[in-house]
2 protein chains.
Amino acid sequence: MNGTAEVTVLRLGHRPGRDERMTTHVGLTARALGADRVCFPDNAGQSKATVSDITNRFGGPFDVELTDSPQAMLRNWAGKVVHLTMYGERVQDVEAEIRAAHQDDGEPLLVVVGAEKVPFDVYEQANWNVGVTNQPHSEVAGLAVFLDRLFEGQELEREWEDADRQVIPMATGKRVESIDEE
Amino acid sequence: MNGTAEVTVLRLGHRPGRDERMTTHVGLTARALGADRVCFPDNAGQSKATVSDITNRFGGPFDVELTDSPQAMLRNWAGKVVHLTMYGERVQDVEAEIRAAHQDDGEPLLVVVGAEKVPFDVYEQANWNVGVTNQPHSEVAGLAVFLDRLFEGQELEREWEDADRQVIPMATGKRVESIDEE
């Protein structure tokens, strides 16, 4: 997000068909809640297209990429790695430390979100394995709460560039305004 | 959640097959992040079975129900209704008011989460239409952030009853302990 070190979300594992919507929702959640970029496995082209389309219409900057080697990306990341898992340390116990690394030390963060069973070396490569609760629920929910806490709500104030439309908050009803190109 | 007025999550709309995982994730997120109950449309029996199974293994109390008339439930709710929608007021602007109604006035909350297009009368029946961002992303992400803010993180400290297993938070690796019945 504007003014902070890069935050990239890496989706590990994608089963075409079965995971399409979950992977898409991981990408859209990353965008809406302050990440700069999402990387999907290279068989998730359909999810990439959906997230790119939303970015084109509702604004950015936000990058969507495919990678043929998520493991290499993880190994070579020049920054800190957070792996979201129900087996990890409690988010409320480690979030201050992660925030300090990101905001104070300017470390780029790679936030890893698994789909199917995550290989054990991911647990070892992560600087933090973090549980948004130690209960089974949803990788999308875990990512959302993690990002909201990482950015301490500042992501909700983000402004969007190059949007062609904008939703105007309303107590009742729907209002979408077109944004004219200058 | 223990000691606060009831919070029920109502899932509106469910297309069997297509929405199975999203509806399941709405239910699991509701459970993990402090709601007392989730209601699904009556064609979401498979999602109900999954959420019930998780509750049996990982603990409760948490209720999962099907309803043949979500609209009637909405109309007859004895408390306040929050409808999560990207067209609504900004969560950061209305959360204090909602929290006051729930925590100070003891109002039971019905949190409505849509799937396909939501009928306009839902917007009118809601006491608050709330946007967790006014960007398109994920109803699961929106629900997660809303609940975390409603409970101000206290939901992460919740203890579970009648679980037969418990995940122990770990910096690296996985640890699941069986809980013996007394």
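Glycine is treated like the rest: Cβ placed from N, Cα and C.
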* Out of B:Leu84, B:Leu143, B:Leu147, which is the one TrEMBL records at the S-adenosyl-L-methionine site of B:Gly114, B:Ala115, B:Glu116, B:Lys117, B:Val118? -> B:Leu84
* Asked: B:Leu84, B:Ala115, B:Val118: which of these binding-site residues has the highest Cβ count within 10 Å of its own Cβ?
  -> B:Leu84
* To do: For B:Ala115 (S-adenosyl-L-methionine binding site), just give me the three-state DSSP call.
  => coil
* Structure fact -> Other C-beta atoms within 10 angstroms of the C-beta of B:Gly114 (S-adenosyl-L-methionine binding site) total 17
* Tertiary neighbours of B:Glu116 (S-adenosyl-L-methionine binding site) (same chain, Cβ under 8 Å, six or more apart) -> B:Gly13, B:Arg15
